[in-house]
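Okay, so here's the structure we're looking at.
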Amino acid sequence: MSAILSADDLNDFISPGVACIKPIESLPSKQPQKSDNPYEVTTEDKVQAENPTPAQISLTDCLACSGCVTSAEAVLISLQSHTEVLNTLDAHPELRLIQNEQGTSLDPRSAQDDEGRIFVASVSPQVRASLAATYGVSEKEATSIIHQLLSGPHGLRAGGKHGSGFTWVIDTNIMREAVLVLTADEVSDTLASEAKDPSLPKKPIVSSACPGWVCYAEKTHPFILPHLSKLKSPQALAGTLLKSTLSKTLGVPVSRIWHLAVMPCFDKKLEASREELTDVTWNPADGQMFSQPQTPVRDVDCVITTRELLTLASARGISLPSILSKSSSVSFPSFPDKALDDYLFSKRSLSAQSMMTGTSGGYLHHVLTSFQARNPGSEIVAERGRNADVVVYKLVSPENGSIIEAARYYGFRNIQNLVNKLKPPEMSKLSGARRNDALGGKARMQLSSRKAAAKTKFDYAYVEVMACPGGCTNGGGQIRIEDAREANLTAQTGTPADTNGAASKPSPHEQRAWLARVDEAYFSAGDSEDETEASSKHFSILEREAGIHQILHYWSDLMGVPLSKLAYTTFREVESDVGKPQEGVNATAQAALREGTNW
């Protein structure tokens with residue numbers, strides 16, 4: 001779905017229509033009165049209407065609408081972009097920090113400036129892989145390029161009104177590891193409760209880290225929502241941890257901490273705008289250092305994609321390959337809390353990425369390996385589904401047989417099959433009855449037998465779902481092969497490439513080869529010597545999970561907020577306004593207005 005979300009090649013955008021919650025109203029244009037005949041009367045049918053102005057649709061409008069998912073998301077491209085990043089850096093000076101034996105603290109002189117901000121960023125591993133494939137560098141070198149751009153002296157800090165840059169840049173892999181551990185706990189608790197605990201998702205638990213999939217489920221298939229994992233995504237969890245701990249330890253309001261996320265997917269812009277992912281959900285009511293209750297502050301202020309990262313550098317006249325050779329690696333100040341500093345900037349990974357973990361974070365793989373560690377002697381067996389984006393896994397024990405079953409579904413073509421399997425029996429009967437009316441008796445019997453067989457085979461404990469075919473390395477915001485060619489040509493010549501020329505469109509074979517190159521960079525992320533040395537001490541998966549639990553509980557104790565409010569979120573059905581009385585539509589508009597729309 002996300003692969004087509006750009007201003008250049010969007011081909012399914014639906015303009016506001018008669019049933020839109022925000023219709024366009026046109027009034028008759030005023031006709032100049034003729035001085036020679038002041039008594040002339042013009043009938044209404046002869047008055048030409050004014051050309052309607054373009055509809056102004058805000059992010060909240062998208063969340064309140066149940067129309068086409070991709071049409072709503074297309075609006076986000078202009079709302080969160082490299083321009084917002086540059087405008088924010090130019091509008092606010094960077095708050096200065098002091099480092100001494102006591103640790104990192106805020107410079108009192110800098111704190112007097114109400115316009116000052118602390119800028120932090122989080123970057124996904126898929127972004128680094130795409131950048132590495134583009135410039136033919138290692139994943140480690142791609143990481144250095146991003147650090148130099150966002151925080152180095154030759155990057156964003158070299159220009160702008162205030163010379164502002166990002167104080168810390170963290171790897172979302174760190175937060176992914178926390179989500180992996182909590183996911184295994186969630187699956188284990190759900191299986192143990194046998195659907196008796198309403199606070200837990202229903203079996204099968206379906207991953208909720210992909211915002212495109214979540215938005216689709218909320219708007220079109222609300223019966224999926226009880227199955228969705230209640231955990232925040234790594235992006236959202238990073239935002240919560242950074243803003244909560246920096247606000248607490250440095251004594252600054254949450255509103256003065258600005259968090260940028262660099263992601264492979266346009267849908268992450270929509271996720272960052274969810275009202276559930278603001279400081280209101282985790283802030284103590286009596287907190288004096290936090291934002292006011294009536295002004296929710298997003299955990300993630302802005303999301304840009306990998307392609308937009310190139311545009312960000314280009315807008316400041318920065319050549320990404322050249323800044324790699326200009327200076328050494330960026331040194332970030334110590335995080336204000338020692339325990340969290342050790343965690344956020346640790347080089348030891350919970351699990352290395354491989355073909356088995358997939359390209360989307362390895363949620364399913366960690367669930368399997370976690371259960372395998374609790375069942376010594378068990379074995380993971382994989383079986384390919386109807387295509388490469390569907391894989392079924394079983395954890396089997398020689399003594400007890402099958403322990404758990406799980407599956408991976410990537411791409412909306414396969415997601416449709418998953419949705420049909422998750423439909424409640426009543427809905428399946430209703431939809432099936434309508435289809436069967438058009439079929440003959442033999443065809444109906446064959447269809448019923450196939451559906452019955454599918455139902456009997458569907459007994460998964462966990463399903464990893466991603467909207468993009470091939471997973472997150474193929475996200476819609478990733479650098480395409482034609483973008484890579486243009487970026488390299490620009491780097492070689494020093495001038496922007498001519499995009500008006502007749503550039504050849506890459507063939508399907510070239511596109512597959514390009515994606516394989518990005519995947520290779522993604523899987524090579526843990527091969528560097530530094531990380532190998534840091535991981536030389538062997539830790540079992542259960543020991544590493546215990547370490548993650550320890551740091552999460554430490555964070556909860558530091559904030560005085562239960563982990564259920566810090567690491568978990570909620571989802572809700574988005575109801576359609578089509579056919580509702582106008583009062584209902586106005587209520588939606590008023591609710592959106594309260595959330596800060598441009599209406």
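Heads up, the Cβ atoms here are built off N, Cα and C, so glycines get one too.
Going by Swiss-Prot, these are the annotated features:
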BINDING   Cys20, Cys62, Cys65, Cys68  [4Fe-4S] cluster 1 binding site
BINDING   Cys210, Cys265, Cys468, Cys472  [4Fe-4S] cluster 2 binding site
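Within 10 Å of the C-beta atom of Cys468 ([4Fe-4S] cluster 2 binding site) sit 26 other C-beta atoms, taking all shown protein chains into account.
In the structure as shown, the Cβ atom of Cys472 ([4Fe-4S] cluster 2 binding site) sits within 10 Å of 26 other Cβ atoms. Following the DSSP three-state reduction, the secondary structure of Cys265 ([4Fe-4S] cluster 2 binding site) is coil.
In the three-state DSSP scheme, Cys468 ([4Fe-4S] cluster 2 binding site) is classed as coil. When secondary structure is read from DSSP and collapsed to three states, Cys210 ([4Fe-4S] cluster 2 binding site) falls in the coil class. With a 10 A radius on its CB, Cys210 ([4Fe-4S] cluster 2 binding site) counts 30 other CB atoms from all the protein chains.
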